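Taken from Swiss-Prot, the feature region 'Disordered' applies to 1-63. Positions annotated as compositional bias 'Low complexity' by Swiss-Prot: 1-15. Annotation source Swiss-Prot lists transmembrane segment at 537-557, 576-596, 609-629, 661-680, 685-707, 791-811, 831-851, citing sequence analysis.
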Amino acid sequence: MYPYNNSNNNSPMPSARLPSRPRYGGGEEYPMQQVSFNNNSPPPPPFPSSPNDTGFYDGNDVQRPLLVNNGSTASSVTLNNGNGGNVRFTNAKSNMIGGGPDNVGIAPRKQTRRYKTIRRVKLTGGNLVLDNPVPSKYLQRVKRKDKEEFTHMRYTAATCDPADFERENYKLRQNLLGRETELFIVLTMYNEDEVLFCRTMNGVMKNVSHLCSRNRSSTWGPEGWKKVVVCIVSDGRTKIHPRTLSVLAAMGVYQEGMAKNIVEGKPVTAHIYEHTTQLSIDADMNFRGDEKGVVPVQILFCLKEKNQKKINSHRWFFQAFGPLLKPNVCVLIDVGTKPGGRSIYHLWKCFDINSNVAGACGEIKAMLGPGGVHLLNPLVASQNFEYKMSNILDKPLESVFGHISVLPGAFSAYRYEALQNDVNGHGPLEKYFLGEKMHGSDADIFTANMYLAEDRILCYELVAKKGAAWVLHYCSNAYGETDVPDTVAEFISQRRRWLNGSFFAGIYSMVHWSKVWSSNHNILRCIMFMFEDLYQLYNLIFSWFAIGNFYLVFYIMTTSINSVPNPPFAKNAGSVIHTVLNYLYVLLLIIQIIIAMGNRPQGYKWAYFMIIVFFAILMGYVLFCTAWITIEGVKTAVETAQHNQDAQFIALIKQNSFRDVIVSVCSTYIMYFVSSLLFLDPWHIFTSLIPYIFMSPSYINVLNIYAFCNTHDVSWGTKGDNGVSTDLGVVKSTKGKDGVHEVEVDLPTEQKDLNEQYEEACMALKVAPIPEVTKRDAKTKQEDYYKSFRTTLVTCWIISNLILVTIIINGQEVWQWFGDYEKRATVYLSFILWSVAGLSAIRFVGSILYLFMKIFTG
């Protein structure tokens, strides 16, 4: 407040003259005495925040703009108009709500809020809820202006924990309008740019348009958009990308200057913006409206004050908003994932026709670029093949069992009813949200790593829910496209969390295998779950010994090449090649362990790149040796039984090298091709199989080593985010004449300001962003070199694999009771190859059963 000027009868006067008119206004400066009052101008109608009316312009208050310049600081003047009303002049210097790096594009930070009005509003149930008109420039772009959900944006300052949202009397627009919610879609984001956000948001809006186009549906139709709510949860106000904020402003969802830091002495935990938008913006920053088939979409934008990780974002979705909307189906999408045009409908249909389905997921596709240009990168091609075969073999098999080990958080759906805890607060969501508290210091290392894959815990808790009989389903008709890592460092970092989380979560599900018997599943389903547990246990053991198994295959094949009747190399050349490769192999394994113990992949990008190249060359040599040994074995068998066709066939069958290799190859690569044809999606076989084969040794020797050597890394990067900011303003209440608590807030209400702000947001999207240069801070650099030593797990893993290798290849007498070297090598190689064949056969049979079930049950 300005101080009193005692030289003028103690009347409240500013100690300095008010700033000049803006350049577009013209005229003289405004001395305080020239202010005129007009109480007859009606205030703009607010959106009703409750049936009894809660937010309004007080009829005794007179709104007057304070003309400010760009360099002013926050201050205010209150004058009495002589009629019991007040005139408050506010001079506020406002900053963009979003933070983020300065070199990622210009957000509307220029001081366009020359006109701000102090508005006296009643608190809604003790909460700050504001309704503000959207810019008229925005309304010119859209068709419908008949209801306040289209013409006003609603802001709510949440000051509670997500679990207390309903108890603190917060309401959403859908509650006030009496609408039922069939689909509740959440988009979680951190600092993704406008391209990634628009890719996802535009895809979601296309799906809503498709739902409205289904005229013969009993659920959907032209007004189907009223049954869909899209919730955008951004993890941290200072983390959100400013250009993404510009997109939301251009869609009418977000307005700068509305948010506050503290309400009634309580820090704001989330800023909630609600608007029914009629505009969609694609990844090329093209605006699309009704003329492009865009239907209205109810948007709920939750901007969290602090960065508290993704699982906390899901708490806001499930615990804060879910109980108010009580949706039927919840869809989870990560910003950056583009859902197919009808994918959300197909996911919803799974729940509609199968009443026992608790969760479902679609296919995750790798984005390959225009004309598949990204497939030229072997790293992208190998991941494309991996994703495809997982969606053709693994997910269908698990869907047949009824338990999908993980529904990917990037694109999945859950039945809201199935997620609910029991009356004692125990259930799937309780176990799921425990992950929010599982920092390294708060839990043992096993539990902390397990909750790196909290979605796996949720999946198991759903199917094992006490007294229920829920199953999980894979929907092959639904898909979401996402970017995959295209650099070695990014790839290794991503897989570290995936591998560690899935490894420990897999152990959790097997340790708690008996929980399914307390569910309401029938005996047949429980037996199927037990079989799946055994299948997963076998795979888990295989993954534990994967590095030893691959080394043994390399060792046996490269030493056996010299013992065939017609070796490919001159005398001793094969032995020299084997010795060189063997020493390099062991040396690189040791180097990797040393690097992984104290460094991030970003610090040793070229070292990892050269290691991957070496393993690709090694794989090529192993394949050559395998092919040569097999061909020579066939020749020998044929020559042994030249004149008898039956004898030739029997000789081939008895030829160990031929039989085992052929069975293993047929059970993998031929099954890959056949199953892909059955799913009408074989193209990845031709474009990505070869890169996958040559990258497979790196999956085993590089990813596993880095993951196991970093089991201590369970941080989420949110430490220290405990302060309360006040840059947005503080709201305090006073009692009004009717005894109801009221607050005074300064808001941008003039259309001139709203339009200028809106134009700036749109103009910002037309300016190409400056390429972002990633920099490491001092703390990260220090953590790269100083990581604690995780002795027990890594030591056990290394020793167990060394024992396995030693037993097979060592020729000392101590191992003779296992048989001589050739016998041990032959038996073990046969075991490995037949195990691969058996696991592949199970996956293939599961894939076929899934297709049959899809035909008859949908």
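Using the three backbone atoms N, Cα and C, a Cβ is placed for every residue, glycine included.
Remember, predicted model here, so these are calculated numbers, not experimental data.
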Tertiary contacts of the transmembrane segment (831-851), as residues 6+ beyond its ends and Cβ separation under 8 Å: 392-394, 396-401, 474, 476, 535, 538-539, 542, 549, 552-553, 660-661, 663-664, 666-668, 671, 674-675, 678-679
Within-chain partners of the transmembrane segment (661-680) [C-beta distance under 8 Å, separation at least 6 from its ends]: 388-389, 392-393, 476, 626, 629-630, 689, 833-834, 836-838, 840-841, 843-844, 847-848, 851
Recorded stretch, among 537-557, 576-596, 609-629, 685-707, maximising Cβ pairs under 8 Å relative to the transmembrane segment (791-811): 537-557
Other parts of the chain folded back onto the transmembrane segment (537-557), taken as Cβ under 8 Å at six or more residues beyond its ends: 503, 506-507, 510, 581-582, 585, 589, 618, 622, 625-626, 629, 697, 700-701, 704-705, 797, 800-802, 804-805, 808-809, 825, 828-829, 832, 835, 839
